[in-house]
Amino acid sequence: MDSNISDWHARFRDAEAALNGVVLGQARTIRLLLISALCRGHVLLAGDVGTGKTTLLRAMARALGGPYGRVEGTVDLLPTDLIYSTHIAEDGRPRIEPGPVLEQGEDMAVFFFNEINRARPQVHALLLRLMAERSLSAFRREYRFPHLQVFADRNQIERDETFELPAAARDRFLMEIAVDAPAAPEDRVALAFEPRFHDTTALIAEVGQGILPYRGLNGLAAGVQSGTHASPALRRYVFDLCEALRNPASAGLALEGADAARLIRGGVSPRGMQHLVRAARACAWLEGREAVLPQDVRAVLAPVMAHRIFLSPAYEPRREALVPALIDAAFATIPVPAA
């Protein structure tokens, strides 16, 4: 068993190095994607146009290996388009072909929804079931996708012909990760001037196919969750952080320009806390530890929790500034347990 765990650690190190080699300046996002794979959780990337979201998700899908489905979000996309398509065959008869969800079979490893905010709410509803249950009903039978991980991205710039994801759909994503352009000038220069980064298909092919064998991840994830421990003090720390995000005024949090007592419309759910714990355990395992430390919780709290915090309507227009400030205030206020 120990040798098997050692092999998995080596695979994750290789995958992280390969992904960082083809997607520059996104080390934090790559680590979070690996944590999500280890948790078997779905991921939504949000960012500006041209920041590498699609390239990163395609590279991650290649690292996982296995069948891979993809759909482009458009305003005229229908739920049935995910399941099947129809056309007139050469013999003049109508034919039904599997859509992007079914064409790869039940062994599908990754389903990638590009520009998810361009799809209508009816499509989001179908995706919600696929994410929540990893199953789908079609053609009088039930299809099950035990290895499925859903990746999606959305463009934060364009607002025309877009539809905001409902809270229920966003809550099904383990993480919502903000992707910005690389901060280091040398990375931006390399992306602009090195031809290697101009051919996206060839670049992604540099990532070894199936570095992280997807069929083994369910068993590994279960072992990580059962074998990575959290002390009573750490458990209390997680609880206090989540309570502070639910009721900042009671926790003594202060935010400039906001009334803490009126800030929150809906806070962290029990499922959100479960996801936080799962991600923190995966983070600890990737660091080679058998126990969760406060830094593991802090490393994953924002991407796991930010999209699960619902502000009062008066404060929602300032969400991008207030939610990070709220999380920082919780970190500053809630005492960190001793190691």
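Glycine residues also receive a Cβ, built from the backbone N, Cα and C atoms like all the rest.
Annotation source Swiss-Prot lists ATP binding site at G47, D48, V49, G50, T51, G52, K53, T54.
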Cβ neighbour count within 10 Å, max among the binding-site residues T51, T54, goes to T51
Within 10 A of the CB of V49 (ATP binding site), the number of other CB atoms across every chain shown is 9
Minimal Cβ count within 10 Å, across the binding-site residues G47, G50, G52, points to G50
Note on ATP: the CB centroid of G47, D48, V49, G50, T51, G52, K53, T54 has further same-chain residues inside 8 Å, namely D153, N155, V179, A181
